């Protein structure tokens, strides 16, 4: 038996439920949303395809139905309105989380809490602070999606299977994120060397263009279709699978830091071992001096926001 509760049945929540239903790793999925009819409709829509896949029980519920869930995926939150600043949105969602998280904990304080709502790094830290849950049991989807975008772009550049591209986007899931080029490789061959062997461009301008494309990917998609949800739902599925299967896989999830690269009291993404008990350990990467400074800058930006929150 494996149960996942998804809080928020919007684009991301509903699509995550769909990808998890297809995964075959979950026996029960409950969708919880203030708009109960939306959750009921999404659950029915997914359920009508169950005869064609592995059996899974998908249904709509309330906070009390998170009881017994192995993983609670939080996608609920306010959307940014025209003219609203990022800080306004952060404060609004922090208020929502301060009300919602204690309600969830009433019914389940044993689950892994996976935060997906943006700004994910801030809300992961907010959840960690107000929940009182042990370190590792609360973390965010972080830059798992960004790293996937990065690998995809490099695979297209090199005409290679993206699964053979090993690269990480670290730091904030947002404007200050960056690629850890110093450890990027293709099947063990450094990216620089691989490009040299294959006659591919790998200069400073190319790297800058790739990073900018990763950072701006969501903006581009939102401009075209209004929202992003397919790829992030695949990222959610991958993280949940790592937990339920106790894979101890390495993913760039966002966790509260406790001294990595001189940073603490914020949540940021670094490659981390993820298994049945959540995040087991954050890996210490051999970053370049420039990358360490970029990471610290990302942390500083997050810390400035956190200082303005009432948590």
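Any Cβ shown, glycine's included, is placed from N, Cα and C.
Positions annotated as NAD(+) binding site by Swiss-Prot, on the basis of sequence analysis: 12, 33, 38, 63, 77, 78, 99, 116, 117, 118, 141. Summarising the environment of residue 141 (NAD(+) binding site), the number of other Cβ atoms within 10 Å of its Cβ, over all protein chains shown, is 30.
Annotated substrate binding site per Swiss-Prot: 80, 86, 118, 119, 120, 121, 146, 147, 148, 149, 228, in sequence order. Summarising the environment of residue 146 (substrate binding site), the number of other Cβ atoms within 10 Å of its Cβ, over all protein chains shown, is 28.
The feature beta-D-fructose 1,6-bisphosphate binding site is assigned by Swiss-Prot to 151, 166, with sequence analysis given as support. With a 10 A radius on its CB, residue 151 (beta-D-fructose 1,6-bisphosphate binding site) counts 23 other CB atoms from all the protein chains.
All chains included, 30 other C-beta atoms sit within 10 angstroms of the C-beta of residue 173 (active site, proton acceptor). Positions annotated as active site, proton acceptor by Swiss-Prot, on the basis of sequence analysis: 173.
Annotated phosphotyrosine per Swiss-Prot: 219, in sequence order. Taking the Cβ of residue 219 (phosphotyrosine) as reference, no residue of its chain lies under 8 Å away while being at least six apart in sequence. Look at residue 219 (phosphotyrosine): DSSP puts it in a helix.
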Pairwise over 12, 33, 38, 63, 77, 78, 99, 116, 117, 118, 141, annotated as binding NAD(+), what's the top Cα to Cα distance to the nearest Å?
24
Cα proximity to residue 146 (substrate binding site), best match among binding-site residues 12, 38, 99:
12
Cα separation, residue 118 (substrate binding site) to residue 12 (NAD(+) binding site) (Å, whole number):
11
So if I measure Cβ to Cβ from residue 148 (substrate binding site) and keep only same-chain residues at least 6 apart in sequence, which ones fall under 8 Å?
231, 234, 235
